[in-house]
Amino acid sequence: MKCETVMILWHNQDPIYSIDFENGTNKFCTAGFDNEIKIWSYTKNKETSKLSIEYLSSLKKHSKPVNIARFSPCGNLLASGSDDGNIIIWKLNTSTTSTTNIISTTTTTISTSATPTKPAQNRSRPNPLVASDDNYIMKEQWSMVNSLMVPKDVYDLAWSSDGQYLSSASTDNTVIVWSPLSKSYDQVIIDHSHYVQGVSWDPLGDYLLTQSSDATCRLYTTNKARKEKKLIKEKVTTTTAAATKIR
């Protein structure tokens with residue numbers, strides 16, 4: 001495997017906390033300490049095999065660092081979670097045209113400053129992702145379609161394989177299973193005794209796995225026999241892990 005280092009300097013050289021590919025496309029997103037999510041595309045030159053990265057958009061609605069950003073399985077939605085306790089559901093506006101330095105949508109207005117802050121030692125080295133430092137064009141526009149509130153910092157997010165549910169992990173020791181477009185939650189899991197730092201659905205949608213600073217992982221099962229697929233918790237405790245049934 002050949003690896004190539006790609007320079008991304010558009011998070012003000014602050015830490016980047018999350019990255020995710022969009023399923024079935026050549027796009028990915030980054031999120032970090034600067035409170036923003038940025039959308040990128042990549043293209044490989046068939047003749048030279050060189051990889052080029054193109055900036056597409058900035059999503060700027062969070063008021064604190066963004067810890068996690070995840071595209072939905074169908075690719076039409078993006079979920080982001082932040083230290084501000086907000087989970088924002090974004091949707092790509094396919095009917096809008098490119099704009100410079102500002103994103104305007106019917107749902108919300110997202111003002112962005114696409115100008116990166118470069119340290120002095122890098123000013124002599126051109127940014128490989130842009131042709132000019134004077135004009136940054138956002139080729140995509142994303143609008144906020146929903147905002148979900150949790151009491152404390154959001155550490156992780158995971159979509160179910162069918163995109164019907166979104167699970168969030170938080171520093172209030174809970175995992176919440178949301179129906180993201182209806183702005184409602186189906187279940188709050190309160191089994192962990194410390195920060196929940198990770199959550200993941202298996203590809204078949206049969207299991208939900210959580211990890212916590214309390215030194216346990218917990219496995220939850222879904223009962224697909226029920227048509228409504230309503231989520232109900234039954235707690236089972238073990239010394240190192242817990243298995244729980246979600247009916």
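Cβ atoms are placed via backbone N, Cα and C, with glycine included.
Within the listed segments 47-67, 110-130, TrEMBL records region 'Disordered' for the stretch 110-130. Taken together, the residues in the domain 'CAF1B/HIR1 beta-propeller' (1-102) have a mean pLDDT of 87 on the 0 to 100 scale.
Long-range neighbours of the repeat 'WD' (59-100) within the same chain, counting only residues 6 or more positions beyond its ends whose Cβ lies under 8 Å from a Cβ of the stretch, are 17-25, 29-39, 108, 110-112, 135-163, 166, 168, 178, 180-181.
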